[in-house]
Amino acid sequence: MAVQWLLVCHGLVTLLVVTSFLCGQWPIFQGTFISHIHYFITLGAYDYFQRFVGIVFGSRGTNAIHSVENYCCDRPNPILQSLVVAKEQNVIDFGVSPVKIEQHGSTCSGSARVIYLTIIAATYYMIVQSSFSYLPGYYISGVHRYTSLLAVGVGILLFLLTSFSDPGTVNAENVSEYLSAYPYDNVIYLEKECSTCKIPKPARSKHCSICDRCVARFDHHCGWMVCLQSLKLLLSPKMNNNCIGERNTRYFLAFLLWHFLLCVYGAVAIAFILAGRLKELQVIHILTVYYGIESSFRSLAPQVAQWLLASYNTQVLLVVFLAIVSLLLAGFFGYHANLCLENTTTNETYKWQDYISWQMKISEAKASAAALKASLGDLSNEKKPPESKWKAFFRRSHLEDVEVVKKNIYDKGYFHNFLEVIFPLSTRRRLLQNKTKSGIYEPYAQARLEVEFICNELMRMFIGKNR
């Protein structure tokens, strides 16, 4: 009975932690214990740890923590990347970023562990060792030995594609194309020059301080997409690491979606294997006939769970692990898919938050000034009868009328926004040449050009296959 209650408590705690981490910022959970747990997981625990170190070790301990944080999070992470080895010397650079050795030409990669490849390889190895011996099973065929390997291979291929692909680097040669593709909205994007690259800065672009380059339609700098730095340096020593931008957002979304489906596929496949073992070994029959346990879900579930943990604990842990990771990936993919459908980016989300917050403060200040002026005017007039307390309580505040509207000129509807991610604007030559003088595409002309572009691409692929 103690083991059963332990399993129930473990499942509830896991569900609570995952829900709090993923959904703690939702408006429905504001002020609840779920939002408090979310704050503790994301910020509070680290803040309390900093305070504890400050009390015990003083300012030196706090400065050491800040140095480690800057080393691992705010700059190129050598753990996620690889160790840098000088080309002609056996010297390992443990610095925060690969540094070009002028006297030796360039850098080459060291044999470092890669987190992503380690996780996916170790998980697949555990599945092979623990579960492949039961294929084919009662509910699952032996073909999954090969489909699982194919699915993992596609996932790694998408990872490589996202890591190696150009996110949309803006330079002096192509800056005119990006300036033509993305007009300034004069709200969060103003016409100006990049202080580092010394070229005009197109709207929706950002200079990444880690990659040291301007990226068109910049979304975020992804640390996971620099895990193959060792191969990158061999192919292109000038590329430090990668961002998610205009030209590889499609690959990044495919990477997230495929790995979500991959985790679901693995969890369901192992669950079918365990269900097949239950059927083949007639566990339910033995429990009900020989042990006299009532044939109901409430009575059998704890006994079956205890038997699975005792006999197939590795498979059960793999199912739980894959289910949790699939939830995380589902939330991450849903967030980025929603951004793409609204034709905005993570970087622009923060820009809009800052803009709306600033405009709200300005509007509230104006409303407060108007209310104060009105109250002073009332005092100068004849004395009026006192206002009822209930009327004053339900009276609408001037600050409630304050409203700041977000006007995203890049949002052209779900269909066009989706096409813009799949077929980036900078790759559509005809679309750039047929742009209107006002700087904004005419809706029908844009739709016609997009359809023509897709048809031409499909025709090119079809002709290429038939040659």
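Each residue, glycine too, has its Cβ placed from N, Cα and C.
TrEMBL labels come from automatic prediction, so no person has curated them.
Quick look at what TrEMBL lists:
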type: TRANSMEM; residues: 114-134; note: transmembrane segment
type: TRANSMEM; residues: 146-164; note: transmembrane segment
type: DOMAIN; residues: 191-225; note: domain 'Palmitoyltransferase DHHC'
type: DOMAIN; residues: 241-353; note: domain 'Palmitoyltransferase DHHC'
type: TRANSMEM; residues: 251-275; note: transmembrane segment
type: TRANSMEM; residues: 316-335; note: transmembrane segment
Inquiry  = Using a cut-off of under 8 Å between C-beta atoms, tell me which stretch among 114-134, 251-275, 316-335 contacts the transmembrane segment (146-164) the most.
reply    = 251-275
Message = Suppose you look only at the domain 'Palmitoyltransferase DHHC' (191-225); what would the mean pLDDT be?
response = 87
Ask   = According to DSSP, how is the domain 'Palmitoyltransferase DHHC' (241-353) divided among helix, strand and coil residues?
value = 91 helix, 2 strand, 20 coil
Ask   = Quick one: DSSP breakdown of the domain 'Palmitoyltransferase DHHC' (191-225) into helix, strand and coil?
value = 3 helix, 12 strand, 20 coil
